[in-house]
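Chemist: TrEMBL lists these features:
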- K41: ATP binding site (BINDING)
- 12-272: domain 'Protein kinase' (DOMAIN)
Amino acid sequence: MDDAVVLGKKGYSLSKTLGEGSYGKVKSAYCDRLKRNVAIKIIDKRKTPQDFLERFLPREIEALKRLQHPSIIKTYEIFETSAGKVYIVMELGEKGDLLDYIKITGAMKEDIARIKFQQLASAIKHCHDSDFAHRDLKCENILLDVDLNIKLSDFGFSKSLSRDENGKTILSKTFCGSAAYAAPEVLQGIPCDPRASDIWSLGVILYTMVYALMPFDDSNVRNMISIQKQHRIPFPSSKNLTVECKDLIYRLLQPNVSQRMCIDEVLKHSWLHINASTGDLRVHFPRRQAHTACR
Ligand SMILES: Nc1ncnc2c1ncn2[C@@H]1O[C@H](COP(=O)(O)OP(=O)(O)O)[C@@H](O)[C@H]1O
Ligand SMILES: [Mg+2]
């Protein structure tokens, strides 16, 4: 049966395509019951590889059901037809994704980037506190609502953390995500705590927000890893960033996993506590924060 017919019977009027996912389309629709527009990810199980069906799709569905936060895209309903089509009905990111937004509007002023980054970091805190790692954080997976608030989406690579008998997180070896956003340990296939790799990706995202550029050239991944491991981050002088903003980027893009910040430290960083109108720190946090181990 045609998607429009299936969805029509459930009270959705199908509209335009919003994006092409790796294993299906995302379309917008109007929902009679909710009296609002929604986004529907449509996956045809007959056209997807086995490992996606057995590993990634169940994880995505579990994450969507478990994670509820104002800065995470809401899931309204998930259903499957006997013909093997899965429909994931979600809150609509009316203003599209962060990549398109940056392409149109260019680099953000720090005060705007701060609000967006704060929302994103609090969504990640919710994931990490719920024992999930996102593992595919990138601008294309960060959506914007009608008021340009951040809505984190695409949990297709997310993973709930497994622990050993002593409660320690079992390290992950799978490569996930895009090379340009991936931490050096992920690119090198070194087993790691996937939450730490999410923090690195946050650094790439923050850099992209304030410069409208990617921090590393991923056309040669070996070269890129070597630059990342030397902790060499280009801070173009064309844009005058505050010391606090550069300091946060520098710490997020810390190649040494044991020294990288955890999400609680990110949220306490002084840059996130600068008062937009006065430029003063609302709460004083020491510039040089201790690297408390929290993993
Ligand atoms: N809830 C949504 N609202 C608006 N656009 C969306 C929504 N979900 C996905 N999209 C669009 O569809 C694209 C692909 O969806 P995504 O869930 O990221 O699939 P994939 O796992 O294949 O990357 C996104 O990059 C985005 O542009
Ligand atoms: Mg995606």
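FYI, residue positions are counted from 1 along the chain as it appears here.
Cβ coordinates are placed from backbone N, Cα and C, and glycine is handled just like the others.
Automatic prediction, not curation, is the source of TrEMBL annotations.
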Chemist: Around the Cβ of K41 (ATP binding site), how many other Cβ atoms lie within 10 Å? Please give the count over every shown protein chain.
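Modeler: So the Cβ neighbour count for K41 (ATP binding site) comes to 24.
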Chemist: Can you tell me the mean pLDDT for the domain 'Protein kinase' (12-272)?
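Modeler: Over the domain 'Protein kinase' (12-272), the predicted model scores a mean pLDDT of 94.
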